[in-house]
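Here is what TrEMBL records for this protein:
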COMPBIAS  93-102  compositional bias 'Basic residues'
DOMAIN    335-432  domain 'BEACH-type PH'
DOMAIN    436-721  domain 'BEACH'
REGION    1-138  region 'Disordered'
REPEAT    856-886  repeat 'WD'
REPEAT    905-946  repeat 'WD'
REPEAT    947-988  repeat 'WD'
REPEAT    1028-1063  repeat 'WD'
Amino acid sequence: MGKHLSPCVQQYKRRGAAGGEKGTLALQGQTAGWPRPCPGPRGPECLGVSERPSSGLSHGAAGVPTRTCSAERGRDAAGPGAQRRAVGLWGAQRRHRTRSQARARAPLPAGTLQAGSPDPPPSRVPDSSRTTAAPEPCVSARCPPSMAFIRKKRREQQLQLYSKERFSLLLLNLEEYYFEQHTADHIQNKGGQYERKIRGSLKICSKSVIFEPDVISQPIIKIPLRDCIKIGKHGENGSNRHFAKAKSGEISLIFSQVYFIKEHNIVAPYKIERGKMEYVFELDVSGKVEDVVETLLQLHRASCLDKLGDQTAMITAILQSRLARTSFDKNRFQSVSEKLHMECKAEMVTPLVTNPGHVCITDTNLYFQPLNGYPKPVVQITLQDVRRIYKRRHGLMPLGLEVFCTEDDLCSDIYLKFYEPQDRDDLYFYIATYLEHHVAERTAESYTLQWQRGHLSNYQYLLHLNNLADRSCNDLSQYPVFPWIINDYCSTELDLSNPGTFRDLSRPVGALNKERLERLLTRYQEMPEPKFMYGSHYSSPGYVLFYLVRIAPEYMLCLQNGRFDNADRMFNSIAETWKNCLDGATDFKELIPEFYGDDVSFLVNSLKLDLGKRQGGQTVDDVELPPWARSPEDFLQKSKDALESSYVSEHLHEWIDLVFGYKQKGSDAVEAHNVFHPLTYEGGVDLNSIEDPDEKVAMLTQILEFGQTPKQLFVTPHPRRITPKLKTVTQACSPDDPMADSPGEESFEDLTEESKSLAWNNITKLQLQEQYKIHKEAVTGIAVSCNGSSVFTTSQDSTLKMFSKESKMLQRSISFSNMALSSCLLLPGDATVISSSWDNNVYFYSIAFARRQDTLMGHDDAVSKICWHDNRLYSASWDSTVKVWSGVPAEMTCTRRQQFDMLAELEHDVSVDTISLNAASTLLVSGTKEGTVNIWDLTTATILHQIPCHSGTVCDTAFSPDSRHVLSTGKDGCLNVIDVQTGMLISSLTSDETQRCFIWDGNSVLSGSQSGELLVWDLLGGKISERIQGHAGAVTCIWMNEQCSSIITGGEDRQIMFWKLQY
């Protein structure tokens, strides 16, 4: 084999490669124009590539200049460039077929260090040819990236959870599996004068063989199995007969193509060598040779099948056979006392790759044991640490499960893909059952309430919605999606007070340019079913890595078969990218969370990647920022400010409607020009119904590469955010305010609101002061005079009673009929008490004259609840109506009935059990026997929303102080919060018993339960903050004074209780 060595290599072999074996570089005699060491962000210096000398000289690994002979230089040939892995749908099938095919590279300038140099080339058959990739960028593979899932991997490496080997699953093809590894030597120049052994690890994968040398100066070798010509024990069947002795531990691979990766541990486009050649590997354990050869032959047969579906089916069968022959190693349990609950097969999902193994769950831990032992023997998660768990779609199939041990981290602790939906559901059920008393289950609605009330930022809310919609940083086809916000990338100053600065959030990106939209709509009208407006998606693996290539180069190389994209198609400029999204015929992409984060790494080429040169000659380096950004940090800060601005807060719900809401599908999507290809939607295709394996694999490939629409979270218009008032308490009391010396109405209101807020913040400190049993049956209503001295109560014992708080004595007891009274209220001026009765009437009682003043016979069944505002009476009845009456209290002493005219009748389908008014009396909410909550516009006497949100009778309803929300409780134990504007159920909490009545401030609730306890609820936190012992029976009614400092409750135990806040 020595005759094939070039003179430069022979010279180098005579001198020896002293530095190459230690994985370091000893550069000597540098001159201008020579490659210079470039210090990377971490670790030792790595070799940088600059202008190459025209003499044809190149540096060897030991710093010794070597000359590349003209014959070798002549063999460098330019091959066809690989097509970009485009995100368009129609190229996906073709890309899948070409995924494992080799890509030729353009030749390097003369003197470029080729793969394998300065070591002698391997044994080969003559007439081989070699092509190389673009010049190696000066970037260490150990450089710390910033993307969420890469940051997580980096942290785990720091905790020594992962080995320091250069090998990564990203070196595999998409949908390829890594099966096993064997310690081995790569024998170079076998039997020749310069025979040499390279120590390392031989890894057997489903579509390739990978050899990872221990010495980092040597490249990782990847041999595609479909390019193998012959596989066997070295020396058998007459192969290599010129060797005198053939060792039994040696495996021979004869192939036509090989990849060289991470030479000197530098992340760079893969180098390819083509031509018939032979590599020999000697296993440390010679007894495993036959098994390894048999495995390779079996995988080779699968790789060489003509049909892609047959290849996938055979590899899947091999994988399942391996999984069936193994099980979880119980010796890996953290404790001998752990009790096994479930074990099944699954795959751990990370971006672009999956790793098969066994899942095991015990009473204390969740385990995953990879079949190949990579990246570590066992991944273990303590159930007590789990904070969130989500069912996921993977490839539009209900097979995924993602577990988080943190509240707000974007990246999970483990993402599992199961082979059977039942296994996923069983594991989810067990973990959810364990967490039931530890972690509150969160829904999109619960986050909506927090966002509306300002307890979640726009950024946090979008992250939560992405999580709930199956978006995960572990799945690049479903990576979290964020909107373009800013429309101005040309000005020198960014004016966030100007609405023109912002993008129209009510339209998808594809509809922002009217001229382009007209062309798309014309094509849409002419298109046969199924129709779609956009031929590419707004989020896909290609788009995600387009933005993140500077910090995730290995992921881009994995996605694009070992090469970077064309320099002119890279993420070069913010303004250019936005312009292309507006004008490009097929570019409709949105943004990713990193644009509103804190890490600028994805904007800066800190790894010094050689990403090529553009047609104009500019080198692709850092991302070009808009003029208004002084630095990458300033760009991100201003982007975050824009996302949290008043304009975006007021309009973000419109974008949510498009991506997560009711405009995602159906006629609303067509009207909003928001229709993508059917394959991108959940339920768009049933993969299980496709019998042809080739069609099924191609379909799955299209789904994964084209991108997926998020799971629909809302089917009604999303509510607006409640924007804060411009004038705050501190502003009202500002010394610069000319009105500060004389407190006006606004400052008084602000101070009152402050005292109310203080009271509600201390609502858990409620203390019982006194209690009195004044009725013979359950108390049904409470009304209190303005000065707080007199308390009026109604009861099912048919009496209205007047109790003096000062003398602590019962002063009056009035009976109107022998039927129960259901509620009571005091009219303004404290002169008249109104009571509703089960005898279908409403009674007016004069306090001054101590007699019944009037009777309103307005219903055909029991009157269940009454309200009063601005001389109008509102009565609810079991006769399925709510009636609105006009009345003049001042004239009641001299006239009867005539002053009560029915102004409106609000009809229901079933009996109405409760009603409530908003502060302005423009809206009314009613709750029915069948569990429906109805919101009415009183100015037009029309129904706005009808929400069937309870499974039993609605017990109580009330508007929030700002009239934005309605809270309802029911016999089903649920507390439901409804957005008044949209009618959306935005929060639902469940208790183990009925909550009969409540009061609330929009954030917290004090409810009376069936058991007699008073419960304090944190709606935003979705939990019960305090349980306060109260009545011996159900709490049936509750009253709070205007200052929120005193509370009175009535119960089935016939008592009224007086409570006081202690703070």
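Cβ coordinates are placed from backbone N, Cα and C, and glycine is handled just like the others.
Helix, strand and coil content of the repeat 'WD' (905-946), in residues and according to DSSP, is 0 helix, 26 strand, 16 coil. Against the repeat 'WD' (856-886), the recorded stretches 905-946, 947-988, 1028-1063 differ in Cβ pairs under 8 Å, and the greatest number is found for 905-946.
Across the repeat 'WD' (947-988), DSSP classifies residues as 0 helix, 24 strand, 18 coil.
Per-residue pLDDT, averaged over the domain 'BEACH' (436-721), rounds to 92.
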